[in-house]
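In what follows, a structure is listed as structure tokens, so that the remarks can point back to it.
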Amino acid sequence: MSGKFIVIEGLEGAGKSSAIASVVTHLQAKGIQVETVREPGGTPLAESLRDLVKKKWEEKVSPTTELLLMYASRVQLVDNIIKPALSKNRWVIGDRHDLSSRAYQGGGRELGDELLQKIRKITLGNFTPDLTLLLDVEEKKGLERARERGELDRIEEEDLAFFQRTRQRYLNIAAKDPSIIVIDANQSMLDVHQSILRAIEEYLF
């Protein structure tokens, strides 16, 4: 079986980490070789860029600067880790991909989807995930979960309106793209994981 690239998306506190662990266990039980990656990050250089993005700076970080750092990290990961793994027929499970930038920078930062699409075309070309699972959680609930984990980073400290714009952009894009499956992440963890595994079975097997 050829390699597949599955991405788990969602706001802070949506439950991406536990969902990824569930997907990995499910696929490995089928005898599939699986690699996991995260964005931003995933290579030494990309992890350094992640630190720059999340750090709390004394100066204002331009939304465009933030966006370009995200894509620099993303290209490094795709070219050095994801594409080589797929070429070896391994499955890659990603904690975020460029849908995050379209939602967070395009929606939350209000840069607009036209700019995001142009940058995506320049940096990634026609490379896209085989399936994206969007864990949709109510903004307040997601932020409460994130705060319970500990100290928030620069982006996690944004106000509620930022996350409302981000969530709405996620849902608007998903409504027009059949490769993005929306999962209700307000359910119990067990129900969320079952919904995810059903979607994977339906769309990729």
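Including glycine, each Cβ sits where the backbone N, Cα and C put it.
For G10, L11, E12, G13, A14, G15, K16, S17, the entry in Swiss-Prot reads ATP binding site, with the evidence type sequence analysis. Applying an 8 A CB threshold to same-chain residues 6+ apart, the list for E12 (ATP binding site) reads G142, L143, R145, A146, E156, F163.
Neighbour count (other Cβ atoms within 10 Å of the Cβ, all protein chains): 26 for A14 (ATP binding site). Around the Cβ of K16 (ATP binding site), a 10 Å sphere holds 21 further Cβ atoms from the protein chains shown.
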